[in-house]
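J.: Below is a structure I'd like to ask you about.
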Amino acid sequence: MSTIEIETMSHLSTLQSSSDFLSTTTIIALTIFFSLLCACIIIGHLLEENRWANESITALLLGLCAGAVVLLASKGNSSKILVFSEDLFFLYLLPPIIFNAGFQVKKKQFFKNFTIILMFGIFGTVISFCLISVGAFLLFNRIGVTSLNTQDYLAVGAILSATDTVCTLQVLSQDETPFLYSVIFGEGVVNDATSIVLFNAVQSLDFNNIDAMISLKLLGTFLYLFFTSTILGVVAGLLSAFIIKTLYFGRHSTDREVALMMIMAYLSYMLAELLNLSGILTVFFCGIVMSHYTWHNVTQSSRITTKHAFATMSFIAETFIFLYVGMDALDIDKWKASSASAGTFIAVSSTLFALVLVGRAAFVYPLANFINCIRKRDGSNIAFRKQFIMWWAGLMRGAVTIALSYNQFSNSDDEDTQDSALMITSTIIVVLFSTVVFGSITKPLIEAVLLRHAKPNVSDATDIPSLDDLRLMFIENGEPSDMGAGPRRSSLRLLLTHPTWTVHYLWRKFDDRFMRPVFGGRGFVPFVPGSPTGASDEASRT
């Protein structure tokens, strides 16, 4: 054989190996998904004013239709073109969504209602977790699901406590209903983080030796993960602000500023996962800190770029997730793996959804009325109509629920495979039903229950007073040095009577005096040669 023939065969083998690396199946799958993404964007635009549909429902239904077509094309053998992967979801799709949520949040409204958000997002989720776990333990044996253990029941409580408020937020307006939007938005983020923290805490505990200390261990694990994850996100955001403020990347390239913000945000998430913390909480608070400090330290062009880039990545990831869930719902292998009858499927799914309804109501109405009793002085009570919308907004379940369900039940032993497959398929039924049915009713329901009864020109949330108003609260009776003036009001008394406003005032003073000189923030103008700021600085020097 000649040398030329040998080289030709070697070259052909190299091409063959490269073509094996670029699998045709993977290329086809990605082509279909990106085509469906384009279709979702177009259809979502056309249905922008529709009362019964939104982009989330559109993506989910398109995913179902695509899965049905693939199922028919494979003659009922498989509906998969991409396998549902927890790594894909938690490492690539979820971080940009949560980071953008923190980056774009209206911080004034968010922190004004921070106490309510924490009560609903943490205590409410824990109440729902306990009720759903106990309810599943008491009811599943009667249905015929007998192979689940204590860890599985607790995992079910954490899985079904993870809400998905995307559909509700798409029809709520920050201008018309600022209180509801900030509370539902904030609770949704904190709820997801709390559910995952609870799920991870359940996984880390040893249930072979159950004693009276197990609840305290669970609480301690939860508090440790919650606070350490939050601190890590704050530190990552402050570090990015300090680096960009100190090094002035914009003097040479604005691309470096944008790239550093993206990479450090994603790095904070990965570092949290590496340390077995909550990546959701970490990247969420990293986004809040970056929007408060880092974003003001970059050039004007970088500010515009980052704002739209983060929102675009979040939008694509959300749409991709709903498509993913829709197509994975027709995974014929999971349906075949469970030998349960149609009646058992309906019974388990109905039980799970009933527990979701009761678990949500068990904390929304009591906590809302408890808040009303505390806030009776200022007259800013949460009306029953708003309580109903807050209850309704948390009934929908999404991709986090499915991902946690796969994590818990996809690697079960052979003897538990049937009940594990039953739990996964029942969870998928709950997600599909809650998103499509409840999601489609959300917009007309909000219009009927809330907006038609809204008082004109009256906002449902009072803005935080200006610093001048807050300062007057501290010296309400005049300065102590003034003749005849009354005593200065104590910070403790103001903290008890006006906690939110007082904390806001004290934080602003601390932020202006200590934080912004070090980390930059609002009012900081980075020096960029050639810019109007740079030109004025050069002129002042000469």
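Just so it is clear, glycine is given a Cβ too, placed from its N, Cα and C backbone atoms.
Any TrEMBL annotation is an automated prediction that lacks curation.
Model, not experiment: these values are computed from the prediction.
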J.: Taking 263-283, 389-409 as the choices, which stretch does TrEMBL tie to transmembrane segment?
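T.: In TrEMBL, the transmembrane segment feature sits at 389-409.
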J.: Mind checking which residues of the chain, 6+ beyond the ends of the transmembrane segment (421-442), have their Cβ under 8 Å from one of its Cβ atoms?
T.: 52-54, 56-57, 60-61, 64, 145, 148, 152, 156, 159-160, 164, 167-168, 171, 322, 325-326, 328-329, 334-335, 337-338, 340, 344-345, 348-349, 352-353, 356, 392-393, 395-398, 401-402, 405-406, 408-410
J.: Any chance you could find the range in 88-105, 179-202, 222-244 with the most Cβ pairs under 8 Å to the transmembrane segment (308-325)?
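T.: Result: 88-105.
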J.: Six or more residues beyond either end and a Cβ under 8 Å away: which residues meet both conditions relative to the transmembrane segment (117-141)?
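T.: Sequence-distant neighbours of the transmembrane segment (117-141): 110, 148, 153-154, 156-158, 160-161, 182-183, 186-191, 193-195, 198, 226, 348, 351-352, 355-356, 358-360, 362-364, 367, 371, 390.
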